[in-house]
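Novice: Sequence annotations record features per position, and here Swiss-Prot assigns ATP binding site to Gly13, Gly15, Lys16, Thr17, Thr18, Arg109, Lys148 based on experimental evidence. As annotated by Swiss-Prot, region 'NMPbind' applies to 33-56. The region 'NMP' annotation in Swiss-Prot covers 33-56. According to Swiss-Prot, the region 'LID' annotation covers 108-118.
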Amino acid sequence: MLLPNILLTGTPGVGKTTLGKELASKSGLKYINVGDLAREEQLYDGYDEEYDCPILDEDRVVDELDNQMREGGVIVDYHGCDFFPERWFHIVFVLRTDTNVLYERLETRGYNEKKLTDNIQCEIFQVLYEEATASYKEEIVHQLPSNKPEELENNVDQILKWIEQWIKDHNS
């Protein structure tokens, strides 16, 4: 049976992981958090002193994921998307969060001032939405609000309906 691949992207702290795990448990699709995968497999290419974090080796990430993506049925969660092959995804969801809500979430994570400011600006200027629309066909890129628990439930329901319809359309 053919299954769709879904990308969840957006600024850190918008709720990609929460949504991805919830979707995976309700849909049976496989959830992959690229940050966790990179940590587990050491898919790094140096260290960024300014942001105090490792630099992702994007080519190695693509190599690591390619077979699973070809098989289908994968939900990928990452705060960037311009290095993933366009053919991988059937739909892309960019999660958006109000900056005051986002600030609190990132502060709780212990982000330093520079990381906080840059991520808030990233959200204000819709950087990841623009990256998504530049990387994928516009008709497969959708924005979802991600501020409150009710919005999470609504997003899960909407995406589950989309998955169900996609499976019907591609397996008959």
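Here the Cβ of each residue, glycine as well, is placed from N, Cα and C on the backbone.
Quantities reported herein were computed from a predicted structural model and do not represent experimental measurements.
Could you give the neighbours, burial and distances for every feature on this list?
Specialist: Taking Cβ-Cβ distances under 8 Å and a sequence gap of 6 or more within the same chain, the neighbours of Thr17 (ATP binding site) are Asn33, Asp77.
Away from its own ends, the region 'NMPbind' (33-56) comes close to residues 17, 20, 64-65, 76-80, 112, 114-115, 118 of its chain (Cβ-Cβ under 8 Å, at least six residues beyond either end).
Confidence annotation: the region 'NMP' (33-56) carries a mean pLDDT of 96 in the model.
For the region 'LID' (108-118), the residues of the chain that approach it from at least six positions outside its boundaries are 12-13, 50-52, judged by C-beta separation under 8 angstroms.
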Novice: Let me know the largest Cα to Cα distance in Å among the ATP-binding residues Gly13, Gly15, Lys16, Thr17, Thr18, Arg109, Lys148, as an integer.
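Specialist: Value for the max Cα separation, rounded to a whole number: 18 Å.
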Novice: Tell me whether Gly15 (ATP binding site) sits in a helix, a strand or coil according to DSSP.
Specialist: coil
